[in-house]
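Undergrad: Questions regarding the structure given below will be posed in turn.
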Amino acid sequence: MSSFFIKKKVISAAPNKGDLKRRSNADDGKGRSKKFNKRMDEEISSDSENESADPSRKQQENEDDEIEETPQEKKLRLAKLYLEQLREEEDKRAEQESFEADLIAGRLQEDVLEQKGKLQRLIANELIAPDPAEVRLLRGHKLSVTCLVITPDEKYIFSASKDCSIIKWEVEGGKKVHKIAGGRKGTEARHVGHTAHILCMAISSDGKYLASGDMNKLILIWDPVTCKHLYKLKGHRDAVSGLAFRRGTHTLYSASHDRSIKVWSVDENAYVETLFGHQDMITGLDCLSRERCVTAGGRDRTVRVWKIAEESQLVFHGHEGSIDCIQLINEEHMVTGGDDGSISVWTVNKKKPVSTVKQAHGSHGNTGLEQPYWVSSVAALHNSDIVASGASGSHNSSVQLWKCGQGFRGLEPLFSVPMTGFVNSLKFSNSGKFLVAGVGQEHRLGRWWRIKEARNGLYIIPLKRQAQEQEVVQ
C-alpha cells in the first residue's frame, strides 16, 4: 500500500506531455509579452524624442491636416482671393485716376490763371548776377545783329543781321550750324533768301516754322531743322518790322512800316486779313496764346491791343517819345521801351502804365542838356516777375534786369551786364536759364550813328538761381 502511494505521488508529481506543452506555451507567451512591451516602450520613447526634437514637423503635419479641403471649399477660397485681388486693383485704379484728375485740374487751373495773367513765378530774388567771364560772345555776322529767336527746345538760336543773312547757332557749344547767306540788291529773282536788312524773326511754338521779315516788304518762311526755304509771303507795302506766331498754332501776325497788321495762315500759305489803326510806322509786335496781339506804334506814341475775333482794338498812351519795342509778360501785362529812355509796364485794364522808370539806363550830355539813352529792346520771362531792357548809343551800354513788384506795380533794378554797342534784341529762354542779347554797331531801325568799338554778335548771359522758384496768384 505504501509503495503504491509513493509511486502514485511520484507519478502525480511528474508532469505529462500536455502539461509541459501548455506550460511551455505560457512561458513563451510571457516572454513574447515582455519583448512586445519592451519594444512598444522603445517605440513610444523614440516617438516622444522625435516630437520633442522636431516640433515644426508636428506643426507642419497639423497644417497639412488643416489644408485638406473639399473641392467646393477650394473653389470658394479661390473665388474669395480673386474677388480680393479685383478689389485691390480697383482701389489702385481709382487712386491713380484721382491723382491724374487732380493733376489735370491743377494744370487747367494754371492755364486759366495764365490766360488771365494772374499766375506769376517769383524768381527775381533768386537770381545771381553772372560773372563776366561766363558771358559768351558768338560772332559770325558782318553787320549789326537786328533780331534773334530761340528754338522751343532751347538747343539752337537763330540770329539775323543787316548783312541780310540768318545764322543758326548751337547753344551748348556755340558752334555755327548753318548760315543762310544774304544776297545783293537786285538779285531777288534768283537768290533764295533776303536781299535787304532783316528786321524781325519769329518761330512757332512747336518749332515747325521760322519766319523772317525784311526791308523789302517780304516775309520768308523756313524749316528750322533743315534751314530750307518753304514759302514767300507778300502783301505789305513797306518794311516788315514785327513778326509773331500765335502760341499753339501756325497763325502768323506781321507788322509793318505801312502802319498795318496782317494775319497769315502759314500751313496754307495764305493771307487772312489786315488790321489798321496806327498813325505811324509800327516798330514792334508780340502775341501769346489768345487770338490777339500787341503792337508799338513808334512816333504815334501808342500801344495797341488788337482783338482779332472781335475786330476791335484798345489804345494806350504813356510814353513821351517813339515807342520802339514791346513784349508781353503774360496775357494781361506787357512791357515797352522807347527813345525817351523810359521803360513802362502796362495792364490791358488801364489806359496808362501801371509803372514807369524814366532814364532807365541813365543819360548823357552836358549839364542842362542831358539826353537819356534809348531803350532799344525789352524782353520778359513769361509769367514771371522778371523783365530785361537793353540800351543803345553808348560805349557803356548794358543789359539791365528788373524785378516787377506785386501786381506788376513798380520796377526794381536787379543787376546789369555791361556791353558796348546797340542792344537791338533780347530774348529769354523758355526755362529762364539764359538770356540772349543781339548787339551791333548800329541801331536796328536806322544808321543815326555808329560805334566802331562794338562787336556784331550774340551775347549769351547765364541766369543762375539760388533756390527754387515760387508761384503766386495775383
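Even glycines carry a Cβ here, placed using N, Cα and C.
A TrEMBL annotation is a machine prediction, not a hand-curated record.
From TrEMBL, here are the annotated features:
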type     : residues : note
REGION   : 15-72    : region 'Disordered'
COMPBIAS : 18-31    : compositional bias 'Basic and acidic residues'
COMPBIAS : 43-52    : compositional bias 'Acidic residues'
REPEAT   : 138-179  : repeat 'WD'
REPEAT   : 191-223  : repeat 'WD'
REPEAT   : 233-274  : repeat 'WD'
REPEAT   : 275-316  : repeat 'WD'
REPEAT   : 316-356  : repeat 'WD'
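Could you give the neighbours, burial and distances for every feature on this list?
TA: In the repeat 'WD' (138-179), helix, strand and coil residues by DSSP number 0 helix, 23 strand, 19 coil.
Averaged across the repeat 'WD' (191-223), pLDDT for the predicted model comes to 96.
Distant neighbours of the repeat 'WD' (233-274): 199-205, 208-209, 211-221, 280-291, 293, 295, 306, 308, 445; these residues of the same chain sit at least 6 beyond its ends, with a Cβ under 8 Å from one of its Cβ atoms.
For the repeat 'WD' (275-316), DSSP puts the residue distribution at 0 helix, 22 strand, 20 coil.
Only residues 6 or more beyond the boundaries of the repeat 'WD' (316-356), in the same chain, are considered here, and those with a CB under 8 A from a CB of the stretch are 114-120, 283-290, 294-299, 301-305, 363, 371-380, 382-384, 387, 389, 402, 404-405, 407-411, 445.
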Undergrad: By DSSP, how many residues in the repeat 'WD' (191-223) are helix, how many strand, and how many coil?
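TA: The repeat 'WD' (191-223) comes out at 0 helix, 15 strand, 18 coil.
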Undergrad: Counting by DSSP secondary structure, give me helix, strand and coil numbers for the repeat 'WD' (233-274).
TA: 0 helix, 24 strand, 18 coil
